[in-house]
Protein chains: 2
Amino acid sequence: MEKKIRIGITGYGNLGKGVEAAIKQNQDLELVAVFSRRDPASVGVKDPNIKVLPISEAENYKNDIDVMILCGGSATDLPEQGPAFATHFNTIDSYDTHAKIPAYFATMNQAAKSSGKTSIISVGWDPGMFSMNRLLGEAILPVGETYTFWGKGLSQGHSDAVRRVDGVKAAVQYTIPIEEAVNRVRNGENPELSTKEKHLRECFVVAEEGADKSKIEETIKTMPHYFSDYQTKVNFITEEELHANHSKMMHGGFVIRSGETGSGNNQIVEYSLKLDSNPEYTASVLTAYARAAYKMNQEGQAGAKTVFDVPIGHLSPKSPAQLRKELL
Amino acid sequence: MEKKIRIGITGYGNLGKGVEAAIKQNQDLELVAVFSRRDPASVGVKDPNIKVLPISEAENYKNDIDVMILCGGSATDLPEQGPAFATHFNTIDSYDTHAKIPAYFATMNQAAKSSGKTSIISVGWDPGMFSMNRLLGEAILPVGETYTFWGKGLSQGHSDAVRRVDGVKAAVQYTIPIEEAVNRVRNGENPELSTKEKHLRECFVVAEEGADKSKIEETIKTMPHYFSDYQTKVNFITEEELHANHSKMMHGGFVIRSGETGSGNNQIVEYSLKLDSNPEYTASVLTAYARAAYKMNQEGQAGAKTVFDVPIGHLSPKSPAQLRKELL
């Protein structure tokens with residue numbers, strides 16, 4: 001058995017927990033330590049044999065960890081942690097503020113180039129697998145349209161917005177692709193569709209005792225930016241129903257490329273995800289890319305990278321010869 | 001405008017025609033010449049401005065062509081043409097005899113390494129896009145099962161087999177995924193399924209005048225290797241119906257990875273194709289990979305490659321910065 005690739009996790013929320021679970025499914029990877037800003041005693045890592053350390057000690061482990069998987073959020077954690085860690089470690093992150101990706105890439109590229117490390121940014125399913133399929137779609141079928149649908153899935157931001165409404169005790173919000181729009185795309189009609197013409201929003205709400213449900217419903221449906229432009233359904237349920245039926249962080253969606261070749265032949269390509277656990281799937285993608293970051297760094301490819309730069313063979317523990325034999 | 005990438009086509013059957021059409025959809029590519037074993041006057045290239053030359057003259061064009069797309073068949077053309085062209089050109093081919101891929105790779109790697117050229121082999125959708133998705137599936141979700149379904153699509157080999165039956169004037173055969181099997185996989189049941197449990201075969205047959213239709217049907221259904229193990233449907237139609245409804249070379253299929261993460265969360269990933277024209281889609285994939293072969297050769301990456309070795313950003317005419325901004 002070859003030496004295992006040694007992984008560190010920074011940040012132990014849902015994503016970090018998912019990475020811990022994903023590493024256990026890969027024989028060639030081992031988890032060295034989890035780094036957290038919280039008191040290590042309070043972090044509660046699933047495997048009690050795993051070291052939990054304050055994030056300030058991470059640098060001491062730079063010779064013991066081959067790839068650090070950064071499991072913080074894009075708003076405040078990654079802009080700070082990304083460049084700091086890239087100066088000592090190969091890193092993987094799931095930076096997903098689309099508009100700021102070019103700036104984040106530039107910062108990470110500078111940090112990783114100066115240290116000779118490899119940092120693969122914006123890994124996951126969107127950005128990530130969906131991005132790859134958008135690229136493949138237009139590169140292979142340059143005459144055509146690309147459609148991204150999200151859902152059915154739990155949206156954290158929209159659920160939080162509903163929870164802030166007066167009289168709401170608890171709530172979840174699902175983003176759901178509108179079936180008629182999906183079917184038109186799958187049939188090759190190439191319709192023009194805005195985000196709100198592709199998705200509806202469904203809320204499951206637990207009201208406070210004695211709250212005015214019709215007022216809650218109206219407040220949600222008219223909430224600017226979040227709901228007012230969308231078809232929105234509001235369902236009132238009990239707290240028991242919420243816990244029983246709506247506690248999974250399910251998500252998914254699809255990228256469809258509808259192209260035309262030759263003289264009028266329709267060619268439809270679809271990549272779709274149906275996920276019981278959004279954070280665990282994202283974590284599984286990050287974990288596979290940790291292997292790729294390690295290999296690319298061994299090859300001398302320092303700097304920031306994205307899923308567009310990684311030969312996908314590098315994601316697998318199998319040798320190139322084995323991959324050609326078994327999977328091509 | 002930068003200099004265009006100059007492409008040559010060897011072999012002008014359905015695949016070569018598809019490549020000619022695909023090049024027209026890409027502003028950064030130009031077709032220099034078509035090479036054929038047939039009398040050039042008889043080849044009938046769609047664009048009359050394109051040079052058609054005997055294959056023996058190809059070597060004279062080694063400084064005028066950046067990438068040669070080999071559109072011959074895997075049985076006899078490519079084993080001979082592949083290594084011969086790789087000693088003078090960057091090449092792309094769609095070699096698809098799965099069991100012989102390792103040997104073909106070794107031969108091509110030796111030829112391309114000795115000439116300093118880049119040869120991407122076994123490009124298309126299976127092998128090709130389906131292979132990529134099989135790899136991604138098991139690398140990201142190592143605990144799970146991968147399923148490949150083909151169809152609904154016209155199978156050339158099986159259509160030929162039906163045409164050889166006594167009393168058959170013309171025929172086509174479709175391979176069709178069995179819906180019940182597909183649904184079990186999509187639901188995450190992870191069933192064990194052989195190829196024949198996943199697909200049925202449907203034939204549309206034009207019988208010769210006065211032929212014994214029930215004998216034809218029985219001969220087809222009991223034909224060893226091709227049909228005897230499968231659920232097979234035989235429909236007799238008129239020659240007019242055959243031409244009107246069954247002349248497109250449609251195909252498609254899907255690769256499904258059904259995996260499990262954490263404690264029992266199902267994660268289903270599906271890549272699917274619905275193609276009006278199988279050869280035109282394959283040709284579009286080859287054409288995008290011609291761009292990648294050119295870029296990899298510019299980077300000094302000589303030798304044989306497969307879709308597993310190519311960073312997918314290389315398939316696009318856009319710059320890495322543009323790709324990050326627009327598609328990530």
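Just so you know, glycine gets a Cβ as well, placed from its N, Cα and C.
Where the annotation comes from TrEMBL, it is an automatic prediction and has not been curated.
Note on A:Gly73 (NADP(+) binding site): other Cβ atoms within 10 Å of its Cβ, all shown chains, come to 17. The NADP(+) binding site feature in TrEMBL is assigned to A:12-15, A:36-38, A:71-74, A:94-96, A:123-127.
The C-beta environment of A:His251 (substrate binding site), restricted to residues of the same chain at least 6 apart in sequence and closer than 8 Å, consists of A:Trp150, A:Gly151, A:Lys152, A:Gly153, A:Leu154, A:Leu273, A:Leu275, A:Asn278, A:Tyr281. Taken residue by residue with DSSP, A:His251 (substrate binding site) is part of a strand. The substrate binding site annotation in TrEMBL covers A:Trp150, A:Thr175, A:Arg201, A:His251, A:Asn278.
Annotation source TrEMBL lists domain 'Meso-diaminopimelate D-dehydrogenase C-terminal' at A:124-277.
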Taking every protein chain shown into account, which of the binding-site residues A:Thr175, A:Asn278 has the largest tally of Cβ atoms within 10 Å of its Cβ?
A:Asn278
Per-residue pLDDT averaged over the domain 'Meso-diaminopimelate D-dehydrogenase C-terminal' (A:124-277) comes to what?
95
By a 10 A CB contact count over all chains shown, which of the binding-site residues listed here is most packed: A:Arg38, A:Arg201?
A:Arg201
Cross-chain proximity of binding-site residues to B (CB under 8 Å), evaluated over A:Tyr95, A:Pro127, A:Thr175, A:Arg201, A:Asn278:
A:Pro127
Given A:Tyr12 (NADP(+) binding site) and A:Thr175 (substrate binding site), what distance in Å do their CA atoms have, once rounded to a whole number?
26
Rounded to the nearest Å, what's the C-alpha distance separating A:Tyr95 (NADP(+) binding site) and A:Thr175 (substrate binding site)? Just drop the number here, would you?
21
List nothing but the largest Cα to Cα distance in Å, as a whole number, among the residues A:Trp150, A:Thr175, A:Arg201, A:His251, A:Asn278 that the record says bind substrate.
18
